[in-house]
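Asks: Let me begin by handing over the structure; questions about it come next.
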Amino acid sequence: MFRHRYRSDSLSSLPQDEPFNIIPTHNLYTDHPCPRYEQQICDVISSLQDIGDLRKPPSHTWLPSMDLLDWLGLFFGFQRDNVKNQREHLVLHMVNGHMRLSSPQDHSNGTFQAIVLREFRCKLLENYTNCCSYVGKESNAWISDSSTFGSDVARRDLLYVGLYLLIWGESANLRFMPECICYIFHHMAMELNKILEDYIDEETGQPWIPRTAGENAFLNHVVKPIYDTINIEVARSKNGTAPHNKWRNYDDFNEYFWSKKCFQNLKWPLDFDSDFTNGRKIGFVEQRTFWDVFRSFDRHWLMLFLSLHVMVILVWEEKKLPWQALDNKDVKVRVLTLFITWSGMRFLHALLEAVMEFSRVSRETLKLGLRMVLKILVAAAWTSAFVTCYTRIWAQKNYDKHWSDEANKRVTFFQWLAFLYGLPELVKLLMFFLPSSTLNCKALYPVSWWFLGDCFIGQGMKEGVVDSIKYILFWVVVLGTKFTFSYFFQIKPMISTTKQLLDSKITEYEWDWKAIFSVSNKFIIGLLWLPVVLIYLADTQIWYSIYSPFVGAAMGLLQHLGEIRNIEQLSLRFRFFASASQFNLIPQEETKITCRTLREKINEAIHLLKLRCGFSQPYKMVELESNPVKTSKFAFIWNEIITTFREEDIISDDEVELLQLPPCSWEIRVFRWPCFLLGNELLRALLLARDFFDAPDNRLWYKICKNEYRRCAVIETYDSVMYLMLHVLIKRNTKQHSILKVLFQEIDYSIETGMFTRKFRTAALIQVHSKLIKLLVLLLEPNKNVNEIAYAVQVLYEIVVHSLFKEKRTTYQLMEDGSAPTSQTAMAGSLFENAVELLDHRNKNFLMQVKRLHTILTIRDSMQGIPGNSEARRRLAFFSNSLFMKMPRAPQVEKMIAFSVLTPFNDEDVLYSKEALHTKNEDGISILYYLQTIYDDEWKNFIQRMSREGMETEDEIWTTKLTDLRLWASYRGQTLARTVRGMMYYYRALKLLSFLDSSSEKDTTITEEEALRVSYIDQVSTGIDEKEYYSVLLKYDQQLQREVEIYRIKLPGPIKLGEGKPENQNHGIVYTRGDAVQTIDMNQDNYFEEALKIRSLLEEFRHHHGIHRPTILGVREHIFTGSVSSVAWFMSAQETSFVTLLQRLFANPLKIRMHYGHPDVFDRFWFMTRGGLSKASKVINISEDIFAGFNCTLRGGSVTHHEYIQVGKGRDLGLNQISTFETKIACGSGEQILSRDVYRLGQRLDFFRMLSFFHTTIGYFFNTTVVILSVYVFLWGQLYLALSGVENSVLGNVNNSKKALSDVINQELIIQFGLFTTLPAILESSVENGFLEAIWEFLVMQLQLSIVFYTFSTGTRAHFFGQTILHGGAKYRQTGRNFVVQHTSFAENYRLYARSHFIKAIEFGLILIIYAIYTPSANITFFYIDMAFTCWLLVLSWIFAPFLFNPSGFDWLKTVNDFDDFMNWIWYRGGVFTKEEQSWESWWYEEQRHLLTTSLWGKLLEIVLNLRFFFFQYGLVYHLEIAGQSRSISIYLFSWIYVFVAFGIYLTLSYVRDKYGATKHTYVRMVESLLMILVMLAIIALREFTAFEYVDIFISLLFLIPTGWGLISIAQVFRPLLRQTRLWDSVVSMARLYDILFGVIVMAPVAVLSWMPAFQLMQTRILFNDAFSKGLQMFKIITEKVHQKDP
């Protein structure tokens, strides 16, 4: 921890050797890290130091080295390090802006600075200007409209920009409140103007001094008072557990500055006795209720209910087609009732608005109250008018007995009334096509105020006409399908049964209360219709889920995704890949960028189109072979990619040689492709030469050249052999050299003249080939034997001379031609005996060339298995494919948009320690052993690399190579080390690209300093209970070889007032630089080859997407954790489809993509002036990332998605981790419903974008909850029908009645849990991997029981989403992303899933069992299976999933141990500080904590929902034999006596055990015996004197157990009242017994399956099937103790 403190005069002390961040702005004479741009930096700093005739700050010594930012800092009381930080910030932006100018050389330094500065000032103050316009204030940024760039104008621009940056840089938590910063800037800019205009203070008569003057004055007098006010509100939130409407969050404080009253009340200097501190909610009131879904998305529900209304009216006529019913005038008139429904729902919405927002109404917000009242009155008036007019229509018609003229007049009047009612909707439609600027005009303000209310944001969310048409068409198709299906398959089958029930009476009731239903059976009709209506309301999500993957897949195909899926396809298109690399990765020359004509642009577009389609001329002879510069650039990039692969150990040394492009050498005339592409092409050429031995040369050459790689292989082999013989192997100026030269000249001449096949026997080339291989083998030996090499050359020479030539030549002829020595002696001996010379064995270039030649000659397969690692193959395929996709042309590095990468870090693993790697779990498995097994090929590559670097034995990995080992393991986990390595690839890639741009090392623009910076909070104790907080930035100094402190900025207090992660991001963003910032999380990775495309991605900010330029660039993610286990694969498939296919769809055509997390790239200056990268209010913004997207959309930004670049992302690996993640997301969605952002988007988006927004965010979770709710309604409804005897009566009628029940059942079968979750994954896989591969993956997933996993996840989402909306309780849940190889105990699983899954599954199972016992339909086997299949699937999935996806989940010994551990946990009482992992009681209290903080309505609803458990008793008591067929209500009331007797017996036993159990145990035995005797006597008496049967005991248990659970659940709601009574102890004791019972019910089938040995093997196979496919013995890894060598 750093404790360095600066003196008060530190502003005047500027040490020349103090550390700097990126550039030394304090010392221009330091060895500059960016020498190429030193002049531009000096020019900007000189402009800052040009203060002209500005008045000097009083009470401070002005130094010549000070500048305008120092001037602002001294006048306004900013901290020194804040000034330093923003000075560098400003200088870097100005220089980067200059570099990006199209022709900076055409501008003088002053002119370019003025251009860049004015653009920067406009962007930085854009939100401030808009805010001033909204509140009706003139901007205090006094800027001349003149186009001239004078020094005074530029200086004023610099002062305004510098002032805003200094305010923003020191505002700490206030940065979440952008309009608060605008308010501060507004007043401080006025004070700045007064200083610049030499204003005299009227009070003192002295030159104007700002109100915040003095040391740290801005922090102490502006930031800290506002911070303290926020902190008080945070304390009122009780750590987020208090209702949101009871305290103010960041948004409330920010929206205070949206009105003029803040200028009147808060004033300047800030007056904290104003209403700013009064605690009243501002702008919006968050109310926790399910009605928020209707309130925010009323148009969606209005559409559904109006459609249902009309469909029921039309279906009632039972016509074949709906429009046929409109032939009846009565039906036409009935359809008009939809306006009554419409106006009624509007009235309900207006009433909800008033109830929820009433607390905002005050004397100062009377206009808001007036709007609420008017809305209610107008809606009520319209409803009354429609009801009255409609009643009058039928009254007149009934009076006239037909449709008379008077009745028709009343119909016409109703229609005109309806037209007037719909007229405002036409006005809203017109407003949809008007630009935002028009809507803000005063003339349209009343209309805008009436429909949308007053709001600063939400005005610029319109899309272009083309984009609007696309997403409108999408929803027209979806809604058309939905309503067609609903009409014919949901509503129409119900009508006949409904009519029959309305017209008949059911006499076979089992209960006495039949009088309630004897008139019309409306209750039964409601039971039949309710699940149908629920599914009708939710199935829009289903149809959206069906259509969206197909549209997303189609968009992916149009983007050319998946064209290169594997190495084989890469090989086919690699020759085009070189051209694509040149086109997309290498920038054009400056003249081509700036001076292209229209024709050149068209030709470039055509070339790019041909390139993507594979029709363009391969990038070969003309380009690569004649342009060594471009060749070297392409090879440089490709080889660096292969090098990084080797550094990551995903390829071996041998694969590196096969994949790399060799340098241009040995005078080879063709492009030298990687060896893996050449494959066995040379051998194929030899076979062609043998087969076409008598064909003309041109025909043979045509056959060879049909494959580019074959042509290059032939030429390269020939050129290499010739160079080897003439320039390397044979001594020059010798007769042997002359002979070989003549032979090669003769071969060259025959080729040139087309006489090769006539002159040479091509069949002999096979012999030459084999002898040449032997020669190369000798050359590659470490200890070369010259004689053997000479002999090999001699043999090769003789074959060429005597076998290759067709014409047999004598020795004399050979001598005459120069192909043989003139001496007969030489001919008799070894010709090359003394002619061979060997190069130094350390000559790496020679060895590399010989080895490559040997590889080309010896390869006999197609090399499609290179590289062998699946991850390397995937990355190469995606990278090559992405270069054929549409992306902006990359600029030069010096002209690219500057950016930073921001990674929040908090308590994640940085690097695996030695202990963590070798520590074994209970099964004897360590993390290292697990990694060695899963990544066996990468471990071998790692050992190979370590051996190459000097490791002699593998034991050294625990000593000298320990750091490498820890890094290797950490790079395969989800650690900070992996993330940092991935993000630093940007630095490495840009360094490479900059070198290629400038073609010289000295011109590289990237400094040699490391690009990594770390910021943290330093807490300094200044006294007892007094602390100061500082924001500190560190970097690693290469010269000092240690960390050095760059900046230290004092904070107003602890930064964590809200959620941790966004507060962390907000803290770090002040140290970022550039126009863009990429947000990265700790579970992410990056790849070097993808980092090469970052320039193109950033160029997207300059392009329009529709009518907007993007403010967030969405980036594709690859989930790299899918191969660990089946659960990880399921999660990976789900996440992959979401981050690719669905994000693609959200961005285009739906235009509703938000920011769902990382690694999106933000327009940094746009977001820093609008609240930052996320929102941080406690609990309400727990899903912090998506609120950045909400804020972006509401403020007129645009979010795009780009798939030509990707980053890696890890996901949770075990079921418990995944469930925790799903819980976090579901709770976050539950909080989103309450938020003002969702409300405003739901109200202000156009109708079709609103539909997209709903179904892509909270609608998914809401509809999932409705699906589960429909299961509840259906099962309880069927239980009622069965127990009451109504079902028997219904089934006794015509077959249509039974069909009605079947139709209700079939609605459930539409929602096959998990099916629609896998559909996007299947289609995305088919796009990227091929259709057959996708089908195979789908089948394998089903065999691995993916439907069980997805069904289980559905239950998780529904439970926690519903609980959050009803009661709250959302909190940050750390999932942990470690490898899951350890068995999870049953006690832990029970803690996680008891309330969300186990108990609900037991409830469903009990209903299904009782239904099977008492329903006559159980005798109809197919009917019962049809009805119960989905429900039983849900029950079994919710019970068995935690065991099925748990390592050793069905191991017998572990099952026994788990149950013992569970019982110990149940009975351990512990103490006050006992954790829930240790004691059942602590866990039980924690599980019901949300009931303590819920509202009164939440408690009432909880009680109402728990009343359902009493229905078991009410339904079953009449089926007891003891009831004697009586249907009296007294039977039910009498049953409660038995319930209370049973409870009394339990209380008696509990009392006796507590009092005498420890001292007088005999008393306990006596009481127990007495009670047992009494019970037995009671049973005998009942058996003797009543109709009691022993089966009644079993039936009694079936209803007594649910009744007891219902009582306990209701007692938990009354915990604050019962806690002080003795009754509460009994409730706790009963609850413990119930959890034991539930645990036994869950464990019993698990124990039975665990007893079967084969089932454990099958479960392991299911869980680790992917590992099995790699040949791993996971069963051994998980279940057996393995021998491992300890370090």
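Each residue, glycine too, has its Cβ placed from N, Cα and C.
Feature list, courtesy of TrEMBL:
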DOMAIN    155-271  domain '1,3-beta-glucan synthase component FKS1-like'
TRANSMEM  368-393  transmembrane segment
TRANSMEM  413-434  transmembrane segment
TRANSMEM  472-489  transmembrane segment
TRANSMEM  515-536  transmembrane segment
TRANSMEM  1250-1275  transmembrane segment
TRANSMEM  1398-1414  transmembrane segment
TRANSMEM  1420-1445  transmembrane segment
TRANSMEM  1496-1517  transmembrane segment
TRANSMEM  1529-1551  transmembrane segment
TRANSMEM  1563-1581  transmembrane segment
TRANSMEM  1593-1614  transmembrane segment
TRANSMEM  1634-1654  transmembrane segment
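Map these features onto the structure and tell me what's around them.
Replies: Long-range contacts of the transmembrane segment (368-393) within the same chain, counting only residues at least 6 positions beyond its ends with a Cβ under 8 Å from a Cβ of the stretch, are 333, 336-337, 339-340, 343-344, 346-347, 349-351, 353-354, 357-358, 360-361, 407, 410-411, 413-414, 417-418, 421, 449-450, 453-454.
Long-range Cβ contacts of the transmembrane segment (413-434) within its own chain (Cβ-Cβ under 8 Å, at least 6 residues beyond either end) map to 336, 339, 342-343, 382, 385-386, 389-390, 393, 444, 447-448, 451, 462, 1246.
Counting only same-chain residues 6+ beyond the ends of the transmembrane segment (472-489), those with a CB under 8 A from a CB of the stretch are 303, 307-308, 311, 314-315, 322, 536, 539-540, 543-544, 547, 551, 1149-1150, 1248, 1251-1252, 1303.
Taking Cβ pairs closer than 8 Å, the transmembrane segment (1398-1414) reaches residues 1271, 1275-1276, 1278-1279, 1282-1283, 1355, 1359, 1390, 1424, 1428, 1431-1432, 1434-1436, 1438-1439, 1512, 1515-1516, 1519, 1598, 1602, 1638, 1641-1642 in its own chain, all 6 or more past its ends.
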Asks: Using a cut-off of under 8 Å between C-beta atoms, tell me which stretch among 1250-1275, 1420-1445, 1496-1517, 1563-1581, 1634-1654 contacts the transmembrane segment (1593-1614) the most.
Replies: 1496-1517
Asks: How many of the residues that make up the domain '1,3-beta-glucan synthase component FKS1-like' (155-271) does DSSP mark as helix, as strand and as coil?
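Replies: Split by secondary structure, the domain '1,3-beta-glucan synthase component FKS1-like' (155-271) comes out as 77 helix, 2 strand, 38 coil.
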Asks: The domain '1,3-beta-glucan synthase component FKS1-like' (155-271): mean pLDDT?
Replies: 89
Asks: Residues of the same chain, at least six outside the transmembrane segment (1529-1551), with any C-beta under 8 angstroms of its C-beta?
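Replies: Residues packing against the transmembrane segment (1529-1551) from afar: 512-513, 1513-1514, 1517-1518, 1523, 1567-1568, 1571, 1575, 1596, 1599-1600, 1603-1604, 1625-1626, 1629-1630.
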Asks: What same-chain residues lie close to the transmembrane segment (1496-1517): Cβ under 8 Å, and 6 or more beyond its ends?
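Replies: The answer is 288-289, 1276, 1279-1280, 1283-1284, 1366-1367, 1406, 1410, 1523, 1531-1532, 1535-1536, 1539, 1595, 1598-1600, 1602-1603, 1605-1606, 1609-1610, 1613.
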